[in-house]
Amino acid sequence: MSHVRSIFQTILAIVFAFLVAAIFVLLHHSSPLEVYGALYQYGLGSWFSFSNTLNAAFPLILTGLSASIAFMSGVVNLGQHGQFLWGALVCAVLGVYLRLPSWLAVPLLAIIGGLAGAAWAGLAAFFKRRYRMDEFISTLMLNFLAEYMTLYLATYPFLDPKAYVPATRLIRREYFMTSVFDVNVAFFVALFMVLLCWWFAWKTWRGYEARMMGYNKLFATVGGCDVENDTTLVLLFSGFLSGLAGALLILNGTQHRFTKGIGANFGWDGVMIAIMANNGVFQTLFYALFIGFLKNGAVGMEFETSVPSEFVMFLQSIIVLTLVGTRSGLASLTDWLTAKRELGKLVK
């Protein structure tokens, strides 16, 4: 029943968002049918458009999983942006100087990028264990530190002298990841990580403990869970996923180097996707694909119509607000009906 309700909420939120957005399109003196038609055509209208949507979605899948796994465990990791940047920078720098066969170097660079993200998340875990600093604050603040540090490293020590903007050198050409039927290999890596996260959350003892922490940390502690170690493990795994997203964007993107502003919104979009998915693993995959469709279609929509691509951010905001609102409203209504029924039994 909960799955049916979740599907209903999703459909309701998307339909409501498109209806509300249509009003603003009309106020913009444009045709909603034309705007949404262009959005569909450039997002899903052909295999080329569809493959580009999948390619746009793979970083969102990974950062969304990063946030979902953390939130599901009661760990508020908001550091996806910083962890993403470190994964991208470390991969970009090592991709210039590493001298290994491509079959070995590519997976190694991806893993090292993930470990760089995990190490950055590990700082928040250290602050929590050593100084009892809330990870909500530490992960959030570490984003700003990561942004300035990576920008400095890309601007000075590892700057490409031929670049017109702060950027590292191109990684070695043999390390460029290939595509399968126009779909980046990174997308299939992201799908594998979806299955791995599901297996971790639902088929392992550590995953069970993590979910118990998310329900009630006191109950988890009384039940024998090592909450401190589990929190550290979740932060490291969450950071690894974000760092992996950054590394794969370097290996499988279009720039193949670290540049200023790379992945500007992937981290925060991941947090938003986790909220939309209510921390579900497969729900995260769905919403990441949906946001990837909006982002990819927005480029063509702006080209075909007079509506700017930022319009999709408005759509995303309405969907998030509607989903959160309907969940809270239905939960409150359910609690009220349950309380009324129980009170009726007591009166009788």
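Each residue, glycine too, has its Cβ placed from N, Cα and C.
Straight from TrEMBL, the features:
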TRANSMEM  7-27  transmembrane segment
TRANSMEM  47-72  transmembrane segment
TRANSMEM  84-100  transmembrane segment
TRANSMEM  106-127  transmembrane segment
TRANSMEM  139-159  transmembrane segment
TRANSMEM  179-202  transmembrane segment
TRANSMEM  233-251  transmembrane segment
TRANSMEM  271-290  transmembrane segment
Checklist entry - Ranking 7-27, 84-100, 139-159, 179-202 by Cβ pairs under 8 Å to the transmembrane segment (47-72), which is first? => result 179-202
Next on the checklist: Assess whether the transmembrane segment (139-159) lies in contact with the transmembrane segment (7-27), where contact requires at least three Cβ pairs under 8 Å among residues 6 or more apart in sequence.
Outcome noted: no
Checklist entry - Taking the transmembrane segment (271-290) as reference, which of 7-27, 84-100, 106-127, 179-202, 233-251 has the most Cβ pairs under 8 angstroms? => result 179-202
Checklist outcome for this item: Other same-chain positions with a Cβ less than 8 Å from the transmembrane segment (179-202) and lying at least 6 residues past its termini are 47-48, 51-52, 54-55, 57-58, 61-62, 65, 68-69, 72, 110, 210-211, 237, 241, 244, 248-249, 251-252, 281-282, 284-285
Checklist outcome for this item: Outside the transmembrane segment (7-27), at least 6 residues beyond either end, the same-chain residues with a Cβ under 8 Å of its Cβ set are 35-36, 286, 290, 307, 311, 314-315, 318-319, 322-323, 326-327, 330
Next on the checklist: Six or more residues beyond either end and a Cβ under 8 Å away: which residues meet both conditions relative to the transmembrane segment (106-127)?
Outcome noted: 77, 79, 82-84, 86-91, 94-95, 98, 100, 133, 135, 138-139, 142, 146, 171, 175, 177, 189, 231-232, 235-248, 250-251
